[in-house]
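K.L.:
Checked Swiss-Prot, it gives:
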- 385-468: domain 'PDZ' (DOMAIN)
- S501: phosphoserine (MOD_RES)
- T644: phosphothreonine (MOD_RES)
- 717-944: domain 'Ras-GEF' (DOMAIN)
- S806: phosphoserine (MOD_RES)
- S930: phosphoserine (MOD_RES)
- S933: phosphoserine (MOD_RES)
- S1022: phosphoserine (MOD_RES)
- S1086: phosphoserine (MOD_RES)
- S1092: phosphoserine (MOD_RES)
- 1105-1122: compositional bias 'Low complexity' (COMPBIAS)
- S1113: phosphoserine (MOD_RES)
- S1117: phosphoserine (MOD_RES)
- 1138-1159: compositional bias 'Low complexity' (COMPBIAS)
- S1156: phosphoserine (MOD_RES)
- S1173: phosphoserine (MOD_RES)
- 1244-1254: compositional bias 'Polar residues' (COMPBIAS)
- 1304-1328: compositional bias 'Polar residues' (COMPBIAS)
Amino acid sequence: MKPLAIPANHGVMGQQEKHSLPADFTKLHLTDSLHPQVTHVSSSHSGCSITSDSGSSSLSDIYQATESEAGDMDLSGLPETAVDSEDDDDEEDIERASDPLMSRDIVRDCLEKDPIDRTDDDIEQLLEFMHQLPAFANMTMSVRRELCAVMVFAVVERAGTIVLNDGEELDSWSVILNGSVEVTYPDGKAEILCMGNSFGVSPTMDKEYMKGVMRTKVDDCQFVCIAQQDYCRILNQVEKNMQKVEEEGEIVMVKEHRELDRTGTRKGHIVIKGTSERLTMHLVEEHSVVDPTFIEDFLLTYRTFLCSPMEVGKKLLEWFNDPSLRDKVTRVVLLWVNNHFNDFEGDPAMTRFLEEFENNLEREKMGGHLRLLNIACAAKAKRRLMTLTKPAREAPLPFILLGGSEKGFGIFVDSVDSASKATEAGLKRGDQILEVNGQNFENIQLSKAMEILRNNTHLSITVKTNLFVFKELLTRLSEEKRNGAPHLPKIGDIKKASRYSIPDLAVDVEQVIGLEKVNKKSKANTVGGRNKLKKILDKTRISILPQKPYNDIGIGQSQDDSIVGLRQTKHIPTALPVSGTLSSSNPDLLQSHHRILDFSATPDLPDQVLRVFKADQQSRYIMISKDTTAKEVVVQAIREFAVTATPDQYSLCEVSVTPEGVIKQRRLPDQLSKLADRIQLSGRYYLKNNMETETLCSDEDAQELLRESQISLLQLSTVEVATQLSMRNFELFRNIEPTEYIDDLFKLKSKTSCANLKTFEEVINQETFWVASEILRETNQLKRMKIIKHFIKIALHCRECKNFNSMFAIISGLNLAPVARLRTTWEKLPNKYEKLFQDLQDLFDPSRNMAKYRNVLNSQNLQPPIIPLFPVIKKDLTFLHEGNDSKVDGLVNFEKLRMIAKEIRHVGRMASVNMDPALMFRTRKKKWRSLGSLSQGSTNATVLDVAQTGGHKKRVRRSSFLNAKKLYEDAQMARKVKQYLSNLELEMDEESLQTLSLQCEPATNTLPKNPTDKKPVKSETSPVAPRAGLQPKAQPQPQPPQPPHKLNQGLQVPAVSLYPSRKKVPVKDLPPFGINSPQALKKILSLSEEGSLERHRRPAEDTISNTSSQLSSPPTSPQSSPRKGYTLAPSGTVDNFSDSGHSEISSRSSIVSNSSFDSLPVSLPDERRQRPSVSIVETSLASGRLERRPAVEPDQYSLGSCAPLSESRGLYAAATVISSPSTEELSQDQGDRASLDAADSGRGSWTSCSSGSHDNIQTIQHQRSWETLPFGHTHFDYPGDAAGLWASSSHMDQIMFPDHSAKYSRQSQSRESLDQAQSRASWASSTGYWGEDSEGDTGTIKRRGGKDVSLDADSSSMTAVTAEEAKPAAMAAHIAVTPSAAKGLIARKEGRYREPPPTPPGYVGIPITDFPEAHPHPARKPPDYTVALQRSRMLARPAEPPAPGSARPAPRPQWHRPGDGDPRAGPCAPPGLTAEEDEDEQVSAV
């Protein structure tokens, strides 16, 4: 890192962007723009270090929904169903919603400790947090660890505080953890450093001096500082720790010496980088205790630097011939097969490699290893479906079969004709046939199997490679030939042995093997099989698997969590108890990060129910298991119906009714199984007498069946919908191969083309639009409300299933603009569901890199199965990839690959569960009160009960205590849900959804007619009509039409924070950072102590500060500014913004929003004393008009300044800057938790917070009003209309207001060139503070302590200072809002306000700037003709430009003194100012 003393390159900021993300990374969703903005991670989880641009999209925050006074509504008009009765609601205790979803901010606790008091765990916490920041990029883990051990924490509380003066001696190297600072150079250039950037000394003891003046730009800037001496020592020590391996004078590998703790027991060398050949060779070298996962990491990531896996395969075969390397080579191959069997399947060269390796093992008499290899192949092989056709039934089969249930085996292929179609289809020796034409072949006699295969000309065959069992079968057959007697298998009925218990290691293998029972009485044989397998494992384990190097790592994790210097546990304990002799720290054969078990073999316990009818329409409920055949059902049905005939006279028939009303009837084959899964809703099973031709189902019954098959969402159980969603999502999630993440991340071509990953990726969009489609297609308002309520319940149950993906999708769907604008529908939602919804949203608060969600995900009691939020996974991986170079000094950067592999392993563990997926998410009829806090795992879920016992739970036959009819009804509900989900018709076009939304609730007029008119305002052209506070009086004022070339103008919006300061010692009384100050480095230490003391006294003072600093979100969110090289693209029209008397601002950015553009409002606290303020209303052609509207009289104004405002969350950077805020009313009890509180914010955008962006657009957060408020505190005494005002998106236009006229002149400033340093490609960075610097003699009325300070009104023009004119003391500032289409009028409502959704990170939108200004964007539509006509009548009269006034810097008043009230305490009119005087004031907006 270069020091600040060198102006050309300041820390990381000097690095130019290398490459922006490929657009297809963000295919998940459409938002308003493509932003190549750099986002930096600030959570304690994601593990990324970023130095280049990422394209993950912005996401509006999930704000807090407020309650309205309207209580629960009367639902009597809507018939209640059993699913959604109010009684049910009372049973389901929703009061748990008050349980907050917060935990202590562990990272801050660690930072505030004295460095000498930090434990190893503290350093691990800090390391995981810090190593994602760009300042630490390309540092080795040991250097980061050392820096974390000595860093001190400092907080500068006030914006505008001088941190370093020009020429001051530097004494430390510092990294910004929160907030941003601005460096103003003597030549007038300015640069903004944001979260993750560094400044200060270089790693040398030479004296260095600050160049320029550094000031904080926002309140509550947080830094960590490392003293110069420590910084120099640590960085210079790196070379000493490096060990370079040279060959022929060239460096081929670099290792680093690491100590993982202070005990000195865990230390050694770890590979940092190397050539591909040398890394391959390292596979069979000795690995130190600090690098135990090298083989795994290599086998996952070799594809990024090697062209073909055979490069590794050939080397392994070659090394196998060396007896000293043989065991190591075998272990590598076993791990490869176990972890990435997909590298072998479908690749002929790799299949031949595997066969050759097997032959080598046989040749060397390594039988135990060979068995383990076969076990691994059987465990990892996937089912394959192939179709064969025979020319005639008599035609011979092209293959020979062995096995059969009479021998205790399945059906296996012994040989295949080489020239047959079966070979072309992929059938090969050793394949086990699992199913033919829907009939189960896993437990069938060989003769019966041959009969089925011969009697069909069209064969649909499901097979799976199972070499281990096939070889066991061959051994048995040879023994039989020798001994002359059939040999009963020792490995018996595994299904009955261990299905409902957590098996030990041997039984795991047993389940994998899939051996079948000989007959129904062979349960006792299991023990012999288990013992035999244990012997197999015992023989081979020691020679293959290394001994456990240390004992303090949990079973559920690989050693890599500790090795690379990250935390030792990811808090995902595994449910697999491992036998004591197996190294639990190695992800070896039976502990893959993905599933090991094959769940195709299910229990024989009768846990399913069929309803079987007779021709006279009597019915009985029959308990069956999944493998019960049709013939067995007939036997049971005859017994239930008390029929005296023999089973041979009857058969099972399926009768179904098509949607057209056609009745179909077919006889089921005797061997057909999975009967409960096959029956349709519009079908029934009948017991049919084979000798009669009676009609089984009459027309009346058929019509009834057809009616029953028509399903609506409200008829479905919310628990069952959540369960089925979770089962479906989990199946998709666990099918993702680890290699797919790598292929997708590095854009590698693979034979599977990441199909599983893409499928799972699409789910979140489909579920989001499902929610919107379902709600908007319902025309009845009461039913619409009930559907919303239904979805909130489903989301809650998804949380219980740990299905965060669906939970997030449902919340996002409810917040899509077309749904969010349905004000009257939302008003009818009961308050308790408001609170529930708010609680669910709170989990996905994007601040601090989604700290709340990550805390829940990593909590101790959250165990697999977990379905994580996929966009966050993808973002984390992308940042690791984009933020670290793949090659360093010509060598493969293996440190980067190790971090990526560790992240993928962590994700994979969420899917590693040793349980049938069908049982995982079963939480039938669980009361909500038992769900616990949202921040806790559901310890009463079935899988967790089993997992936590670590042993065998007592099995209970469910049929002994569960009513068959009740079971059937539950199963029928599951069938209904499955059919409903499979037949969904989604409306994925947001324009169509908007049309449906307007049909549900048409847009209303934008302007109320009088002050008492409380009619909610909606924009006819806005897709979002937010629910906000009451609509105050608005007086239209004329505005001249804007010329077409002015369409790219933005709003000038001042920003003010409602966040309470941590005032203890006035920061300005403290000396600057550097040596020149009396206290030198002590200054920052005193800041640190001040912040620390503050925390202990804070709870008594204010709740916001308490919640924010001690809980999961830090005091301020990561805010940042874009890199050099970007400019703002022009946008079409100007958004309006308006402030309401007691409304709070929230950005309303929908997930998909080519039509959902909103406007940028001023944010004010909830108070009733009002004063005039400015509202600018957009028009269709960017002609605006000013409204005068009674607004709150605050001590501080809050401003909708895009990213700076913590709540102004819809900020999009770079290509197009789109802000979509809106207003919401705060209820009194929520005032203290107001979202402008910086603690939980940083919500400029999803990525700015979720990824800790340091390139997020941010300018002013938590400024004092004088620093940020050019209007709202600038007044003139003109009783007439105020003129409109606009500013360009890059620079301020000159806007001047004379004393008694509404005339104005504006002059557009030309943009600075891209290569100018001060123009950091964004309006956020090329600005200073307009309000504070331009306030000279401008005729503004300044208030201090309630007194008006009048200046000369004649000179009341405010001139913008361009960046060229800006000086360190007078830096021009503005906040330009590049609006979207003419679609964003702020609307208001009485009562509650629903917040918009988070747009998931990684979603890209249609970039508006892809189209020239002259042509309309295809995704935008003009306002309705009537609206345009109405607005055209509001055009202003022409104005003459007055003489420009000069802008001079003015002293910056200290608005908040220690005696001032809390900024959140609500605005009050200054003493002595009456309400009448208030009303008479005119506000000039500049």
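Positions of Cβ are set from backbone N, Cα and C atoms, glycine also.
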K.L.:
Between 0 and 100, where does the mean pLDDT of the domain 'PDZ' (385-468) sit?
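P.N.:
When the pLDDT values over the domain 'PDZ' (385-468) are averaged, the result is 89.
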K.L.:
For a three-state summary based on DSSP, what are the helix, strand and coil counts in the domain 'PDZ' (385-468)?
P.N.:
20 helix, 32 strand, 32 coil
K.L.:
In the structure shown, with every protein chain counted, which of the modified residues T644, S806 has the densest set of Cβ atoms within 10 angstroms of its Cβ?
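P.N.:
Most Cβ neighbours within 10 Å: S806.
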K.L.:
Tell me the Cα distance separating S806 (phosphoserine) from T644 (phosphothreonine), rounded to the nearest angstrom.
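P.N.:
That comes out at 52 Å between the alpha carbons.
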K.L.:
Look up T644 (phosphothreonine) in the DSSP assignment and report helix, strand or coil.
P.N.:
coil
K.L.:
Which of the three DSSP states, helix, strand or coil, fits S806 (phosphoserine)?
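P.N.:
DSSP assigns S806 (phosphoserine) to helix.
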